[in-house]
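Some features that TrEMBL has for this protein:
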type	residues	note
TRANSMEM	6-24	transmembrane segment
TRANSMEM	33-52	transmembrane segment
TRANSMEM	64-86	transmembrane segment
TRANSMEM	98-119	transmembrane segment
TRANSMEM	125-145	transmembrane segment
TRANSMEM	166-190	transmembrane segment
TRANSMEM	196-218	transmembrane segment
DOMAIN	250-352	domain 'HTH araC/xylS-type'
Amino acid sequence: MMLAPFSAMLLFCCCVLAAYLVLARSEARTSNLLFAAFLVLTAFETSGWYAQSFWAEHLFANRFRFTSAFLQMPMFFGFVAAACFRSRRVRLADWPHLLPWMVASVLAIALSSGAWAQIVGVLTAFLHLQFFAYAAACVLVLTTFRQRYLAEFSDAGSQTFLWLSRLVAVSVLAHLLVVTKNAAMIAGVGPNALSILQQLVALVALLVVSAILMVALFQPDTFRGVDRRSVPVGTGGKAAPRQSFVGDLERVRSVMRERELFLKPDLRVDELALEANLTPRELSALLNLEAGVHFFDFVNQYRIEQAKILLVAAPEKTVAEIMLAAGFVSKSSFNTAFRKLAKTTPSAFRLANKVKAEQYFAESRTSEIGKPNDTSRAVP
């Protein structure tokens, strides 16, 4: 029977990954700690797979191993939310997420053995409902994150969204297998089939945690800073400065102007880096350390200048048409960037420059009429 080896390896992988998340220096500290807590709780809850004899001898303690499962999804949801929104922190107001665990723990303490045996089935069903409720909440958080990301940036390929959405999807599929196993147990399926299903559940859990461990090993930036595509401004130069920074920056600006890459709505940092003969990391460091801006702020500078020109030169076009012509895909991101760089709204900018143009032409006509060599005022 492979259940015990699978669960032992699962425990080892969970503990190793949790230790890495706790010890690794990262800006994603909150999300890492929440995910580490989720892994530790998972290891503790699944310890019944390989330590059956121990828990059989300690039935009262085994109740708390069972109730610990009520903490897993709150931790997982907190991890997803904190990974998407870095400003999110664990607050005292989050305590309602602990209510199911608190209620189950009180029941575990208060109920007799017979009463506990009767209510375990109800609590198991509630565990499944809790899982899918939190999975839906994770999907909602990811959807909100993607909408905000698209509103702020033109690049739709957020690594944070891709990584977390895949993790949530795999978790749901794995839990569906657990539900299937429990349904088979209720339906009275034979012990051999149940044993196979239990081993399959353990194997899938091991594969999922092993895959996450491989991600941590080969893509450490996933946990050291999810979706960190550029070195933060003002970091004091995490990347080694190069003597050709000034020349590189001029080359990047020349590429942007001549090829008008900023008009491409889905322009990515790796595409601009390729055009400028730089690596994405070099380009990010160049913009952060030399220009003092992030990639998307740098691109939006050119887009806003293009929008200014069109707002004045093409009065027949609507603001929405100019937004698209300048390379933006979202009205909110266009207005935000315009106010940030031009200190006004697009409509107000167009109106102000229209008045200035009319005043300029009126003054020019007055100046022309008042010239001494004006033949219309010469004495015959």
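Numbering starts at 1 and runs along the chain as it is shown here.
Using the three backbone atoms N, Cα and C, a Cβ is placed for every residue, glycine included.
Any TrEMBL annotation is an automated prediction that lacks curation.
Just so it is clear, the model here is predicted, and its values are computed rather than measured.
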_With contact taken as 3 or more Cβ pairs under 8 angstroms (pairs 6 or more apart in sequence), are the transmembrane segment (6-24) and the transmembrane segment (166-190) in contact?_
no
*Looking at the transmembrane segment (33-52) and the transmembrane segment (98-119), are there 3+ C-beta pairs under 8 A, with each pair at least 6 apart in sequence?*
no
*So which of 64-86, 125-145, 166-190, 196-218 has the most C-beta pairs under 8 Å when paired with the transmembrane segment (98-119)?*
64-86
*Among 125-145, 166-190, 196-218, point out the range having the most Cβ pairs under 8 angstroms from the transmembrane segment (64-86).*
125-145
_Checking distant contacts: for the transmembrane segment (196-218), what same-chain residues at least six beyond its ends satisfy Cβ-Cβ under 8 A?_
1-3, 6-7, 9-10, 13-14, 16-17, 20-21, 39, 42, 46, 49, 163, 167, 170-171, 174, 177-178, 180-181, 184, 189
*So what's the mean pLDDT when you look at the domain 'HTH araC/xylS-type' (250-352)?*
86
